[in-house]
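Quick notes on the structure that follows.
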Amino acid sequence: EIMALSVMDLLFLCSLSSAPPSVRIVYSGHACNVEEERNTERVYTIREGETLELTCLVTGHPRPQIRWTKTAGSVSDRFQDSSVFNETLHIAKIQRNQGGRYYCKAENGLGSPAIKSIRVDVYYLDDPVVTVHQSIGEAKEQFYYERTVFLRCVANSNPPVRYSWHRGRDVLSQGSDKGVEIYEPFFTQGETKILKLKNLRPKDYANYSCIASVRSVCGIPDRRVIFRLTNKTASPSIKLLVEDPIVVNPGQTVSLVCIATGGVPTPNLTWSSSSEKLPEKSVVKDGTLTLPAISSEDAGVYSCIASNNVGNPAKKSTTIVVRALKKGRFWITPDPYHNDDNIQIGREVKISCQVEATPPEELLFSWLKNGRALRSSERMVITQTDPDISPGTTNLDIIDLKFTDFGTYTCVASLRGGGIPEISIDVNISSTTVPPNLTVPRGKSPLVVREGETVELECLVSGKPKPIILWSRADKEVPMPDGSMQMESYDGVLRIVNVSREMTGSYRCQTSQYNGFNVKPREAVVELIVQYPPAVEPVWSEVRQGLNRPVAMSCRVLRAHPSRVLRYEWRLGSRLLHAGHFDTRDETEYTVRSLTREGYGEYTCDIINEAGAGRCTFLVTGKAYHPEFYYDTYSPLWQNRPRVYGFKLQWTQMNPDAVDRIMAYRLGIRQTGQQRWWEQEITVEAPIQKGELITYNLTELIRPEAYEVRLTPITRFGEGDFTIRMVTYSGEFYSYREFHCSFEEEPMCMFTQDKNDNFDWTRHSAATRDTKYTPNTGPSGDRAGSKQGFYMYIETSRPRKDGEKARLLSPTFNVAPKNPYGITNPPAYCFGFYYHMYGKHIGTLNAFMKQKGQATADAGPVWSLSGNQGDRWRQAKISIHPTSSFQVIFEGIRGPGIEGDIAIDDVTLEEGECPDPPKENSKENRIYLQINPLKVLVFSGHQCLDLNITLALLFGITF
């Protein structure tokens, strides 16, 4: 489906490949400009609304982790709620607040992290706004009967905006009109933007245009605003057709009407609220704000604002008051002149009643005794307001309490005008009305519970009436379970669900003055003890070890309650290995002296106390760690044939000595979008060293498909952790270990015709040759003598002229360094080809090497030959030493006549110097050799890998 894996050849290369990270930032998307500033800071300019795409290219092994962060233009800015942990930062429809400096940070644990930054400058231009003012101190009743007028134009922009003014179609500039001044006040920034009209003249009443421009940077067009100045131009004035304040009942619909009473141009009316945001149910239409079904939450100040950019905006406000009664409470105060908290005959008693009322001035109180109205008298003194107590309070003072005064007193609160339900509070005064007392029931303190259970803390409340009980922490200032500092209880019980260890401590129960006696609070304390199982470490750990090696495991107690731990138990699966009790130590160990196959598995250590058990888990395995792909391979891609490509796959093995020796790798490969994996096992003959760089050449990959590659190490234990990477085709550059082109297929091995020559080379075969071809020139077959084989030649028949040139360009080759981090010495390549130069009018054949950045005209020939060389194919080989990416170029020059065809075939490029020139060959002395298996020795440093590769390799050997 994708390739025959048997044609993959394998090469192991030992190398210390670990390297700290390095990083650079490249960009795509819709940049307007990218420039370098001082200190090599890069500035990326982009138009608001376009797509920002920055890619962080990293090197280093193991593969560095990448993180994008941002230092914003202001402290309040946020970078997409969090950092971005991948190579590409993509922001669609970028906004102005997303500009700033972006950092790419790469780290792999070796050396310091690598950090690069780029500043993103977002360009934008808003519509300009013109505001009009008159000079201070000259204002009269009509705003614009004045002499001096200022027109100020402002537009938000980046970069700074340039303003220009027009009156009608005329451009206004400083000095162009004595009645006009254009200037920039000292307290503003930017370019000129204020137009001053002195001593208004009839012609000054006109249309004024302010044009804001950022000089078309990023393709941003100019923005224009027009303001019409007349003798009727005036600042806005408004009127509210409502009372202030507006007092309403809940549920009513309220309409606030605002009208403009003046202003040219016509003012724009808007509403705002003291709560910053209008209620969601509100409706605004033509200056009228409607609030349906109003509630207490909608109360507040509402403002109508009128603006027409002339003078200052006009503003009128009103307050909406929503009537309400809530939170009725009472308390009893015994005679304050005696040091006694009890109610006694002959002494004074005060009953206080409090409610929250809106509006407070409408609050009315009345008192009842046993259901009958009670009026103020010498012994029954009723006060409606007590300035010493919070507002909304009424008091009933009973002077010289008598037995006949015992009974039920009712405080009734209402609002004047009705419409709101009354609040009634009953208070019983009798011989059984006594102050409260708090006690903790026997056996309820301390309370011992286990974590996760439900617990009830209880305080018994005696007395009449029973007050509200307030619960709080007595030992420290921390919130209660519901998050508040105090919790109320009407029965004295505090119920806590799912109690946690942090809730251990002292809890205070305390009487409230509300709904009870206004006396010194009574309180009691309840101790809560929460037991929990031991907290241990490690909770889970993976231990990788090879056979016949020792394994030591340790489980430690961090905390527990009760802290006296009872015992520990070590198990493998369900089998008990060891058990015991702790002495003074807080950890226990278990050691396997020599690991066997049966010893692999999950070990657990349970540390147990009265509340339960804490467990340490150890997974002992012989799985190898995952390989780490090497992404910094220099020129990993090569192409020998037009429709297929090869890829140099490199990796190191993470912690190769942690487990048994890796015997092989299972290589899986599948084409993107396909389900089926093709798999092959790669045998490893020698132990892999830490940091050793392993290379496997993938061949027969179909161009331009991408592939998913999966690599899994294999030991005696079995398969280890796998890792996956993508292999993608890129046609920009090719790296060739051995390039060969015989021009048998139409794409011509990526050779192309030069567009700046006089004519083109022609791909040809003798079998399809025109019968009218020019005799006595050109080959009768390809280099191998086949009439079906193809070659390239220049046709010199008419209309070609003497001296005309045809050039054929190879694909671009990358220079492959001997180490993965750079070129130290220029490498050598052997460039070879076969040529045929037969005919009495043969011109010249030149071969050039053109390096990156070099013009063709500046590249001198590395080989040249002229004249008739006979009717046969000859071979040329030249050693070249490029220092950068390069191409080879064949140039054929037409001679003085039509019998001058020049042909080439079998172009090769191999690493290394060319060998001694070979003897001339013929078809008869070419032999074919098949080798199976092939023994290969590869040396790197002190390592030697002895590989057996079973491949059928076809060699053409010339003698």
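The backbone N, Cα and C atoms fix where each Cβ goes, and this holds for glycine too.
TrEMBL annotations: computationally assigned, not manually curated.
The signal peptide feature in TrEMBL is assigned to 1-19.
Annotation source TrEMBL lists domain 'Ig-like' at 21-121 (among others).
Per TrEMBL, domain 'Ig-like' is recorded for 128-213 (among others).
Residues or ranges marked as domain 'Ig-like' by TrEMBL: 236-321 (among others).
Sequence annotations record features per position, and here TrEMBL assigns domain 'Ig-like' to 334-430 (among others).
The annotation domain 'Ig-like' is assigned in TrEMBL to 436-527 (among others).
The feature domain 'Ig-like' is assigned by TrEMBL to 534-621 (among others).
The domain 'MAM' annotation in TrEMBL covers 739-916.
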For the domain 'Ig-like' (534-621), give the DSSP counts of helix residues, strand residues and coil residues. 3 helix, 57 strand, 28 coil
Between the domain 'Ig-like' (436-527) and the stretches 236-321, 334-430, 534-621, 739-916, work out which stretch tops the count of Cβ pairs under 8 Å. 334-430
Going by DSSP assignments with H, G and I as helix and E and B as strand, what are the residue counts for the domain 'Ig-like' (436-527)? 3 helix, 43 strand, 46 coil
Work out, from DSSP, the number of helix, strand and coil residues along the domain 'Ig-like' (236-321). 3 helix, 49 strand, 34 coil
Along the domain 'MAM' (739-916), what average pLDDT does this model show? 85
For the domain 'Ig-like' (334-430), how many residues does DSSP put in helix, in strand and in coil? 6 helix, 47 strand, 44 coil
